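Read the structure below first, then the notes.
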Amino acid sequence: MSDSDQLHDRAAWTRPPGSSSGVREERAPDKLHNPVKFADVNGQAQGCPPAESMSSNRFGFGFLLLSIYLSIFLIALDQLIISTAIPQITNDFHSIEDIGWYGSAYLLTSCSFQLFFGKMYTFYSVRVVYLSAILLFEIGSAICGTAPSSSVLIGGRAVQGVGAAGMFSGSVIGIVHTVPLSQRPLYMGLFGAMSGIASIMGPLVGGAFTSNVSWRWCFYINLPFGAVSLVLIATLLRVPRGNTEKLSWKSRISRLDAAGTTCLVPGVVCLLLALQWGGVLYAWNEGRIIALLTLFGVLLVAFILIQGLLPETSTIPPRIFKQRSMYTGFAAIFCVGAHMNLFLYFLPIWFQAIQEVSAVQSGIRLLPMTLSTIVASITAGGASASVGLYAPFLLIGTCLMAIGGGLLNTLQLDTGIAKSVGYQFLYGFGLGMSIQVPNLAAQTVLPMHDVPVGTSLMLFGQLLGGAMFVSVGQTVFNNGLITRLSAFPEFDSFSVARSGLTTLSSSLPAELRKPILEAYNEALRDAFRVGLVLACLTIIGAAGMEWRNVKANETEAKANGVGERGTGDMQKAQEHT
């Protein structure tokens, strides 16, 4: 039997309670081999149950969703819980130059391994890979919590990011395979809402720990949450590998696109190192910066060539990226991830360094952005499910983000609370309307067998944008700050720039306090301007996206004998790779 024949396995789905007809239209017998059961919610593998049996599965279905959403909660919480702790970390480690790396190290490994985990879930046990990813995330959290230096903390964040990549992929697989396409906008909206809730809790909890206990508890808190997630996943998720377990190790490894991953991961690392060091530690014309950028270019070209020359094992099949909604959606989500992370990382610094509030208060002052994101995510998801269209919400949302980002660029030393609240609300509402749309577009415009790769690609774009532009923002901030502080010859601009942010004001003479704080404010606004440019560029991707109707696509799928799922089909994925 050939490898292609051995890989004819298809993931069945568990219909959410309350949906319409639970009877899937059957494919011809020769099109369906060895169906892979997705979830075990009653102690035995579930195939495709009729609607009347789903009442007895509500309990298991609910806890399956809970385990999925809890994984997303963990990932989102860890991205932002550190934001209000960063100033205190810089005080403890005297490491203001590492601010960008506390976020970038996590996002770097998250995005670099995102597509790799997509392949892992295809050829290995979903449950084992998912649980392994959670364990990696927990190990990284323990390393961060006990870190004796900034370098160890950054290393722990990188380990967390690898685990988060697997958790991201596993969570998306769960949503895609358990929810029919017509209902998915609402469930994806709840997906975004869970991230929003974690976004609210993250800065608040991080600020509370930092002010009252220690910033190290920002990482220790992941351990009990991770334990609960491990128990739920281990109990509820049963996904047999089907015939893939008969493949040889050599065959499995060759299908994981090891060559592409080997080019992708170090290539992104080279790019981020160049962006982090350029103009700060080394001049842009320094040999090592030029070497890093050159190596990035070479590895990028090599990765693209591998994808084109070996389409049968490629991480990103070229046919997917040629689809209009895919490349425009990727551009949009890349920009969204970039400016979202910029604002979320630098706004708490602005609150604490410029408005001189505590870590807890800076978390509270971020609430307008996160609350509006949650409200918009749920509202837009429900409205999209109702009307069947998603592109209009992306277009409106990107315009709101651009306006809100522009207003955030007007922040000054004397800006009142009312203005900062209004600016954040406008930006956050646009973010909530937009952030899930590219992922939903991938699930709508692609054939079933390409959906898993398409959704992973969108997640990759979002994470890559964040990883790159937190570093860019840090570079812009550092360069702007050092340039402005050079106007004060009585101070060593590098020493002042590298001092702890929260100790800055108290260490300055009264006559220099205001001008130096203004220099800090302008440097932070430099970083905000990068976010504004990216928010405006997001509109281009949004305008280019096709206006597809999820209801029409689902009806067409039924007519073609595909059923309502409209999701990844592992059998067909192998037939078309």
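Glycine is no exception: its Cβ is also placed from the backbone N, Cα and C atoms.
The structure displayed is predicted, hence computed values, not measured ones.
For 1-12, the entry in TrEMBL reads compositional bias 'Basic and acidic residues'.
The domain 'Major facilitator superfamily (MFS) profile' feature in TrEMBL is assigned to 64-553.
What TrEMBL records for 1-31 (among others) is region 'Disordered'.
The region 'Disordered' feature in TrEMBL is assigned to 558-577 (among others).
Listed by sequence, the residues of this chain that lie at least six past the ends of the transmembrane segment (59-78) yet keep a Cβ under 8 A from its Cβ atoms are 14, 16-17, 39, 41-42, 106, 134, 137, 141, 160, 164, 167-168, 170-171, 174-175, 178, 190-191, 194-199, 201-202, 205, 219, 221-222, 225-226, 228-229, 232-233, 235-237. Taken from TrEMBL, the feature transmembrane segment applies to 59-78 (among others).
Through the fold, the transmembrane segment (129-147) approaches residues 71, 74-75, 78, 117, 120-121, 153, 155-167, 169-170, 216-220, 222-223, 226-227, 229-230, 233-234, 237 of its own chain, all at least 6 residues removed from its boundaries and within a Cβ separation under 8 Å. The transmembrane segment annotation in TrEMBL covers 129-147 (among others).
Positions annotated as transmembrane segment by TrEMBL: 159-180 (among others).
The annotation transmembrane segment is assigned in TrEMBL to 186-205 (among others). Sequence-distant contacts of the transmembrane segment (186-205) (same chain, at least 6 residues past either end, Cβ-Cβ under 8 Å): 16, 69, 72-81, 83-84, 171, 175, 179, 218, 221, 344, 348, 360, 362-364, 366-367, 370-371, 373-374, 377-382, 384-385, 432, 435-436, 439-440.
The transmembrane segment annotation in TrEMBL covers 217-239 (among others).
The feature transmembrane segment is assigned by TrEMBL to 259-282 (among others). Away from its own ends, the transmembrane segment (259-282) comes close to residues 97, 100-101, 104, 108, 111-113, 115-116, 288-289, 292-293, 295-296, 299-300, 302-303, 306-307, 310, 314-315, 464, 467-468, 471-472, 474-475, 478-479, 482 of its chain (Cβ-Cβ under 8 Å, at least six residues beyond either end).
According to TrEMBL, the feature transmembrane segment maps to 289-310 (among others).
The transmembrane segment annotation in TrEMBL covers 330-351 (among others).
Taken from TrEMBL, the feature transmembrane segment covers 363-383 (among others).
Packing against the transmembrane segment (389-408) from elsewhere in the chain are residues 185, 332, 336, 339, 343, 347, 376, 380, 383, 419, 422-434, 437-438, 440-441, 444, 528, 531-532, 535-536, 538-539, 541-543, 545-550: each is 6 or more residues past its ends and has a CB under 8 Å from a CB in it. Residues or ranges marked as transmembrane segment in TrEMBL: 389-408 (among others).
Per TrEMBL, transmembrane segment is recorded for 420-437 (among others). Sequence-distant contacts of the transmembrane segment (420-437) (same chain, six or more residues past either end, CB-CB distance under 8 Å): 185, 188-189, 191-192, 196, 329, 332-333, 336, 340, 343, 347, 365-366, 368-381, 384, 390-391, 393-394, 396-405, 407-408, 410-411, 462, 535, 538, 542, 545.
If you look up TrEMBL, you'll see 457-477 (among others) marked as transmembrane segment.
Tertiary proximity for the transmembrane segment (457-477) is limited to same-chain residues at least six positions away from its ends with a CB under 8 Å from its CB atoms, namely 99-101, 103-104, 107-108, 110-111, 114-115, 165, 168-169, 172, 268, 271-272, 275-276, 278-280, 316, 320-321, 326, 329-331, 333-342, 345-346, 435, 438-439, 442, 523-524, 526-527, 529-531, 534. For the domain 'Major facilitator superfamily (MFS) profile' (64-553), the mean pLDDT of the prediction comes to 83.
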